[in-house]
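Data block below; observations after.
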Amino acid sequence: MQFDILILGSGPAATRIAEQCAEKYQVAVIDSQEIGGTCALHGCNPKKVLVHAAELVDRTRRSKGQLIDNHSRASIDWSQLIVFKETFTNPVTPQKTKKFKQKNISIFQGDARFTGLKTIEVDGAELEGEKIVICTGARPAPLKITGEDLITHSDQFLRSSRLPAELIFIGGGYISFEFAHVAQRAGSAVTLLERNERPLTGFEPSLVKRLEDYSRTLGIEIVLSSKAQSVIKNKDRKLQLTAIQKGIQKEYYADMVVHGAGRVPATEGLDLERAAVEYDEKGIKVNQFMQSISNAHVYAAGYVADTDQPKLTPVANQQAYTVVKNIIEGNHATPDYGVVPRVLFSVPQLASVGMDEAQASEAGYDFKVQTDDMSSWGSLRKVGVTCAAYKILIDRQTDQVLGAHLLAPDAAETINLFALGMKFRLTATDLKSVLFAFPTSASNIRNMI
């Protein structure tokens, strides 16, 4: 079957490309999973439902004896929460499928593999496309340990109708920290094992340490420099995880072990070699136009594309916009990333945009650091917050904000204002001159800079 454009995947990037290109071309979408992609079905969106529940419980707990009486109680009914979460995820596939059909986008469900420079086989059907766009996203990184089949992946955790009493998370990144905070607020005993000396690389180290210490006060056990070796099911039907920490073997026990040790580009099984598409463990090698450097028929966007940008949905969408422009108009567009904020939806939230101190020093900037513990500020004390801080880096010569790093309940919203200011090159003085509504989280910006 002949098409103008074949798109592998059906997440945010793939959907944007398919729908916009379908206005001019014959388009087919191919996915081995449910139509909709990770973000809508098993990632950002459903995760935020669970995080909101954790935030409600946290707010009640920290308000006792101050904003509400000591006997007030909020708790999470996990099975009820999952049912509510599914009111967001269940409609995704039928709605997106319907929209594709309305736009005359063909859908093929099955495992795709390249058979030539611009041909793909899907469960025995041979498809040809003048352009092929790979948006297959990511998959859990192989742990390469004994008993890996006993480990639960993040999408399975999000579908679990029952929350185990004891949980172990392998890895100290986004998935582990966010789900650990949710599970702890829902009543589980949580252990988090990170193989490196510090978790959450990519965020400001001093704020990570604050969050790490606060997490421990909640009862989350965080074990650093600990490498998982094996998982077995013992005679009590418990899972036993063996790890090595600084040369010492230790055992941990839980009802569920969750993989939170990172993700890798989903290129396995595509037979990219048969299409002469160059790739490695970082993903498909692309040029500035998001086009394969070795096969001009192929483009890539999102997690599967090897770029120097963080693997985030807004980045994937920007890359998708670039691919659309270049397919329709010829190669000329490059992604305009500007500055990309990053948010960890723990409770409280951890957010960053721009450089940290090490990066700014390495780049040769002469900068000043504005930092403080915000837990004593009136705006935070009013809502019972005990863990909040910030660090802002300001260029001494230009007064530009080089980096902003926040740990606070509303950090995800406030960081967007810093990102806006940095993209349009507002100075710290400019930001300080804005009369933000008061009292709000945004109004704290004037005190930070």
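From the backbone N, Cα and C atoms, a Cβ is placed for every residue, glycine too.
Because the structure is a prediction, the values reported are computed rather than measured.
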Matching residue for the NAD(+) site, where TrEMBL names Gly171, Gly172, Gly173, Tyr174, Ile175, Ser176, Phe177, Glu178, Gly262 - out of Glu194, Glu251, Glu273: Glu194
According to TrEMBL, the disulfide-paired cysteine of Cys39 among Cys21, Cys44: Cys44
DSSP-derived class (H/G/I helix, E/B strand, else coil) of Lys48 (FAD binding site): helix
Listed in sequence order, residues not in Gly171, Gly172, Gly173, Tyr174, Ile175, Ser176, Phe177, Glu178, Glu194, Gly262 with Cβ within 8 Å of the centre of the NAD(+) site Cβ atoms: Phe169, Leu192, Pro199, Leu200, Gly260, Ala261
C-alpha spacing of Cys39 (disulfide bond) relative to Ile175 (NAD(+) binding site), in angstrom: 13
